[in-house]
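One structure is given below, encoded as structure tokens.
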């Protein structure tokens, strides 16, 4: 790596006199032209109230085209958005902050006015007072069509039977776009124990749409098919799920160690014997996986870099004594640059081969520009590989053993100043597999298509819907979208007078796919493949004509360590050459791509290697029939017959390195709504199509914090961000209860003599004087589990920064503070105010880090918990990043309520998954107990530095939280 490439390329932010960010400047250099530096400036404009009004990216600002324009209400809530990528949207809220009307798919006419001809309007209905204001229904209307009620919520009453099932007040019937979700019972901790799904009749017909008119549930139920798919779970006393029985009766069981981490898992097929999936899992003191052994006897070990704790090795092998013989199956070794970009990946389990005067090493190497965008990649591919497109290459069968099947390749990537991937140049000289893939990008947006569709940038926007969804995949392949922006149908082959080849999809109320139907004409008959997605189960059938040719149940193991484990159980139509109830362990790489498949005997089924942005470079298997049943590939996502990958909220085109539609979460990853993982697919991955995640838990960008707004706007009933808005309301009510208890206690203390008052107040948790110490109340939601985990009641822990009883390890720095500036003390802040670095209350130095950390541990212990190693590590990192000098206003780093909430998520044994997964599914809320009480309390400078990973801070951070720099020498 050339260090000079990155020299003098800082990220610069320019603020106006109000402290608002008006310019973001980045400097781009390419390693092939290190002396050429391109200045990339993103512009922001704010209105007179300080609310964002416009944003322009480095490319479109030269054309005087605004990427985003916003119109806000008096409180700063965005009510109207103009986007060159995603079209225009209108959102109106009620006085409670709930969405009432949302209008999408608004295009801009040639006259500059909004074109509502294809607009979609959604209206939301809620309970009236004195009921708690829960959602009742959602109405959807496409302009010119009749309105349909697409969602309906039915809540349990208060009968003895409902109480016995813990259903009182719960949403027990949710009618959505796919049918009905019925909750039959709930645990004491609030986790659903029995959930049933019923589908609409004739759901395979994409013209059949849900419409839950009226209030007659019997009329609604008449629209449903008779089949019921019920999932049953069992939990322990703390609410952790122990067993899950899927819709056909297969049972998954898990066990946890004393720290609450997964230690083993088992599967019992319906009518069968229990079998081991994960035999044992061991972890480091920091909670990182060290070793896992599967039920097939295959062992995976993990190696981490001591200084950074980055994952540098994943070794999968059959150990000595294995029935199939000892063998290293995969041995991935990672090398990084200082900031965590992957420089090389080597598979030491593979041999170096020689063919046509070239040395073919099982290694991939990568180079980046100064913005950490991938600009070149080299590796090996199958010698017969052709130009990458939407089709998979033919697999090598059987698994190769000679040197004539692999050759070296190099790929280079070219981007414009807005981050659009413009060109992929592929070179494999030994096989003359040289080609260039060009992407044509609009001159007035970031919309882009393969040049095979058009080479004229002026024609690109016409190939997209008003809301930014691509209308054509390849020449002759039309894309049809639902009013909600979900891909409904892909026309693969249009035949005119005879039936077409197509693939269609149906979604639930959270826009998650529940059904896929593929139709193909063969020999004058139609072959229809159907995949129904249920919790822990994929039900796949194939019919030829009127007869059912195959009935396959794919059991998806929810807890299987790093591997994805799938069991293939045929009810009928099992093909020859594959056993029934075959268990397939799929071992992933750093970005979750499925590289190695192994069966229950520890024998290799298939191996696959990928180009950086997707696409298959190497694919080999022991038999052709087994390759047909590999559906999960790049990034651990399902690949459809279209060649697209389904991520959850969007579809991805691996041959173009672009998303098929604009980001539904908005600008969470910048102004370009089609860019894939910031053009760094080796370091970043996208779990659901909304925002990239750094699985190395490296620094996050400020842009990622905009996801808070998107999460609230989505207001999911189900899905990865489910229940966040409702939890915010719950958190607000909990804070209100603390304040009310304080008032009640003060009323009791009123009139009592001072001596008696002090004695009486000792037994009270909340009084006015104690609230000044607590200052803040925090809560946290985690949605990683099938049943979300919520906890509040976190309060600031005491830690003195006074001259008396100074916190251990702290040395006070006596700055002179003007009396008038005391208004900025947290206890006296009113509405959320901007952090003013030059107006702080002084600084303190952590002179003895170990004494400081010991003091924090002691405070956590006194509150009834232990400081987790991950949180302690973040506190230490925060100290190091600030040269051990911190602002007094921010208090003792690590003692605030929101950091305790973070500590709870990491430590809670009821939450499964690794640290990255736990944090990604966590939402932290903090509210004031002093000053402007019961209002959002932005995370202070210290908390923002500590809560700096994948977790979502839903109540904001102080402005400039990462830019406070002390320029004075102490």
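Easy rule for this one: first residue shown is 1, then count along the chain.
For all residues, glycine too, the Cβ spot is worked out from N, Cα and C.
The region 'RHS-repeat associated core domain' feature in Swiss-Prot is assigned to 610-690.
Residues or ranges marked as region 'Deaminase domain' in Swiss-Prot: 849-950. Sorting each residue of the region 'Deaminase domain' (849-950) by its DSSP state yields 53 helix, 12 strand, 37 coil.
Secondary structure counts, DSSP: the repeat 'RHS 1' (168-182) has 0 helix, 9 strand, 6 coil. According to Swiss-Prot, the feature repeat 'RHS 1' maps to 168-182.
Feature annotation from Swiss-Prot assigns repeat 'RHS 2' to 297-311; the stated evidence is a curator's inference. Residues of the same chain lying 6 or more positions beyond the ends of the repeat 'RHS 2' (297-311) and with a Cβ under 8 Å from any Cβ of it are 284, 286, 288-291, 317-319, 322-324, 329, 334, 336, 340, 561-563, 585, 587, 590, 598, 602, 696.
Long-range contacts of the repeat 'RHS 3' (329-343) within its own chain (CB-CB distance under 8 A, at least 6 residues past either end) are made by residues 1, 298, 305, 308, 310-318, 349, 365-366, 368, 372, 587, 589-590, 595-596, 598, 604, 607, 680, 682-683, 694, 696, 698. Look at Swiss-Prot and you will find 329-343 tagged as repeat 'RHS 3'.
What Swiss-Prot lists as repeat 'RHS 4' is 361-375, and the listing cites a curator's inference. Only residues 6 or more beyond the boundaries of the repeat 'RHS 4' (361-375), in the same chain, are considered here, and those with a CB under 8 A from a CB of the stretch are 5-6, 9, 26-32, 40, 337, 339, 341-352, 412-415, 419, 612, 678-683.
Here Swiss-Prot flags 408-422 as repeat 'RHS 5'. Mean pLDDT of the predicted structure over the repeat 'RHS 5' (408-422): 98.
Counting only same-chain residues 6+ beyond the ends of the repeat 'RHS 6' (500-514), those with a CB under 8 A from a CB of the stretch are 150-151, 174, 176-178, 181, 199, 203-204, 206, 482, 484-494, 520-521, 532-533, 640-642, 646, 648-649, 664, 716-719, 722. According to Swiss-Prot, the repeat 'RHS 6' annotation covers 500-514.
Within its own chain, the repeat 'RHS 7' (580-594) is flanked in space by residues 269, 272, 275, 277, 294-296, 298, 300, 311, 314, 316, 329-330, 332, 334, 342, 345, 560, 562-570, 574, 600, 605, 608, 610, 629-630, 632-636, 681-682, 684-685, 695, which lie at least six positions past its ends and keep a Cβ under 8 Å from the stretch. Under the heading repeat 'RHS 7', Swiss-Prot lists 580-594.
The repeat 'RHS 8' annotation in Swiss-Prot covers 606-620, and the record cites a curator's inference as its basis.
Taken from Swiss-Prot, the feature repeat 'RHS 9' applies to 640-654, supported by a curator's inference. Mapped onto DSSP helix, strand and coil, the repeat 'RHS 9' (640-654) counts 0 helix, 5 strand, 10 coil.
Between the repeat 'RHS 9' (640-654) and the stretches 168-182, 408-422, 606-620, Cβ pairs under 8 Å are most numerous for 606-620.
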